[in-house]
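S.K.: Here Swiss-Prot flags HIS188 as active site, proton donor/acceptor. Residues or ranges marked as active site in Swiss-Prot (evidence: sequence analysis): SER318. Per Swiss-Prot, substrate binding site is recorded for 98-100, 129-132, 139-141, THR187, SER319, 324-326, and the stated evidence type is sequence analysis. Under the heading site 'Important for catalytic activity', Swiss-Prot lists GLU331, citing sequence analysis as support.
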Amino acid sequence: MTATRTETDTFGPIEVQADRYWGAQAQRSLGNFKIGWEKQPASVVRALGIVKQAAARANMALAGLDPKVGDAIIAAAQEVIDGKLTEHFPLVVWQTGSGTQSNMNANEVISNRAIEMLGGEMGTKKPVHPNDHVNMSQSSNDTYPTAMHIACVEEIVHHLLPALKHLHTALEAKVKQFEKIIKIGRTHTQDATPLTLGQEFSGYAAQVASAIANIELTLPALSKLAQGGTAVGTGLNAPVGFAEKVAEEISEITGLSFVTAPNKFEALASHDSMVFSHGAINAAAAALFKIANDIRFLGSGPRAGLGELSLPENEPGSSIMPGKVNPTQSEALTQVCAHIFGNNAALSFAGSQGHFELNVYNPMMAYNFLQSVQLLGDAAVSFTDNCVVGIEAREDNIRKGVENSLMLVTALNGKLGYDICAKIAKTAHKNGTTLREEAVGGGYLTNEEFDQYVRPENMIGPK
C-alpha cells in the first residue's frame with residue numbers, strides 16, 4: 001500500500017502520497033478535474049517558480065518576510081525553475097480559469113520543499129506556509145497571468161525566434177545559390193512572365209524576415225506583468241513598490257526585460273497582448289504555410305509534375321508504391337500551421353472573455369499559445385534542416401518551361417501592342433506551335449527581331 005501523509009486546507013484533511021510535495025488543494029484538483037491529458041506546460045511551471053522566487057525577494061525587502069523563511073522559499077523555487085520538481089506539478093490545463101489550482105500547486109510544492117530544507121515535517125505548513133509565506137502579497141489572479149507572460153516571452157525569445165532566424169538564413173543561402181537560374185513565374189497557378197529562382201526564394205526569405213520582426217514587435221506588450229494587482233487590480237495586501245520590485249527581480253532572474261503593467265485592471269481583466277502576440281505567430285504560420293506549399297508543388301513529380309525543384313529524400317513514401325518519396329517536411333509544417341490557425345481562433349475568443357475584473361480562460365490561453373510557439377519553432381527547424389538546405393534546382397526542367405511558355409510574348413507588348421500579342425499567344429496555344437513560329441509566320445516580326453525582343457534574361461527586372 002502506498003504511504004500517505006495528511007494535508008489540510010479550509011475544506012479539511014485529505015491524504016496525499018507521502019513522497020509528493022504537493023498539498024491539499026492540488027490533491028483536490030486531481031480528483032475534481034479528470035479532464036484530458038494536457039498538463040500545465042513545463043514553461044509555465046518554471047515561470048511560477050520564477051514568480052515565487054521574485055516575490056520572496058520583494059517580500060523580504062518590502063513586507064517583512066522572515067529572511068530564514070524567504071531564503072528557504074528562494075531555494076525551493078530555484079529547484080522549480082531548474083526543472084527538478086516538475087513531477088510534482090501533475091495538474092491538467094482544464095481547471096479553474098484563473099489558474100488558482102496551479103498557483104496553489106506551486107505554493108504547496110515550494111512550501112513543503114522549503115519545510116524539508118529547514119528540517120521540518122511536510123504537511124504541517126510550519127515554518128513555511130503556502131499562503132501566508134509563499135503566496136505573500138499575491139493572488140492567483142495576478143500570479144498566473146504573470147507566469148503566462150514570462151513563459152510566453154521566454155519561449156518566443158529562446159525557441160521560436162532562433163528557429164525562424166535559422167530558416168531565414170537557409171532561405172537566403174538559396175537566394176544566392178539560385179540567383180542566375182531563370183524560370184517561368186506563375187500567377188493564379190498559370191504561366192506568367194519570367195523571374196529567377198533566386199528572386200522567388202527572396203520572397204520566401206522576406207516573408208520570414210517580416211514574421212520575425214512582427215513577433216519581436218509584440219514582445220514589449222507581452223513583457224508587461226500583472227503582478228502586484230492582487231485580486232482585482234487594486235493591489236490590496238501588497239506593499240507599496242511590490243509590483244515594481246517583482247518585475248525588477250523577474251528581469252534579473254530571466255535575463256530578459258520585464259516591467260510592471262501600468263494598469264493592473266487591464267492586466268487582470270484582458271489579455272490583449274497575448275492575442276496580439278499570437279496573431280503575429282499566426283501570421284508567421286500563414287507565411288510558412290505558403291512557403292511549404294510552394295516548395296512541395298515546385299518539387300512535384302518527379303516525372304509528371306512541375307519538377308522544378310529536387311527535394312531531399314528522407315524516407316520511403318509509400319507502403320504500396322515502391323520507390324515513391326514524398327514531400328513530408330512540407331506536409332508536417334503545413335499541418336502544424338493549420339493547428340496554429342485553430343489555436344489562434346481559440347485564443348481570440350478566450351481573450352474576449354474578460355468578465356468584469358478577471359479573464360477566466362487563462363490556462364487554455366497559456367497552453368495554446370505555448371503549444372503554437374513550440375510547434376512552429378520545432379517545425380521550422382525540421383523544415384530547414386531536412387528540406388530547405390538540401391533543395392536543388394532541376395535546371396533542365398526549368399529551362400524547358402521557359403522555352404515553352406507563351407507568356408514570354410509580354411516582352412513584345414511595346415513593339416506590337418497588347419491585342420496582337422494576345423492573338424499570337426492564343427494562336428500558338430491552339431495550334432501547339434511556338435511564339436516564334438506564330439510571330440514570324442504571321443508576318444509580325446523577323447527571326448532577328450524576335451531574338452532581339454524575346455530575351456528572358458531581360459525580363460527579370462525593370463528596363
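Every residue gets a Cβ built from N, Cα and C, even glycine.
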S.K.: Select the closest residue to LYS324 (substrate binding site) from the following recorded positions, measuring between CA atoms: HIS188, SER318, GLU331.
M.R.: SER318
S.K.: Where's the emptiest Cβ shell within 10 Å among the binding-site residues SER98, THR100, SER140, THR187, ASN326?
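M.R.: Selected from the binding-site residues SER98, THR100, SER140, THR187, ASN326 on minimum Cβ neighbours within 10 Å: THR187.
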S.K.: Does ASP132 (substrate binding site) have same-chain partners at least 6 apart in sequence with Cβ under 8 Å from its own Cβ, and which are they?
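M.R.: Expected: none.
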S.K.: Measuring C-alpha to C-alpha, could you say which of the recorded positions THR100, PRO130, GLU331 are within 10 Å of the residue listed as 'active site'?
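M.R.: Final answer: none.
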S.K.: Give the distance between the Cα atoms of PRO130 (substrate binding site) and GLU331 (site 'Important for catalytic activity'), rounded to the nearest whole Å.
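M.R.: Rounded to a whole number, the Cα-Cα distance is 47 Å.
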S.K.: Give me the long-range Cβ neighbours of GLU331 (site 'Important for catalytic activity'): same chain, 6+ apart, Cβ under 8 Å, in sequence order.
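M.R.: When sequence neighbours closer than 6 are ignored, GLU331 (site 'Important for catalytic activity') has ARG296 within Cβ distance under 8 Å.
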S.K.: For the recorded positions PRO130, HIS188, which one has the sparsest Cβ surroundings, going by other Cβ atoms within 10 Å?
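M.R.: Each of the recorded positions PRO130, HIS188 was scored; lowest Cβ tally within 10 Å is HIS188.
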S.K.: How big is the Cα-to-Cα gap, in Å, between THR100 (substrate binding site) and HIS188 (active site, proton donor/acceptor)?
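M.R.: That comes out at 52 Å between the alpha carbons.
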S.K.: From the Cα of SER98 (substrate binding site) across to the Cα of HIS188 (active site, proton donor/acceptor), what is the distance in angstrom?
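M.R.: Rounded to a whole number, the Cα-Cα distance is 48 Å.
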S.K.: Taking the Cβ of the residue listed as 'active site' as the centre, how many other Cβ atoms fall within a 10 Å radius?
M.R.: 10
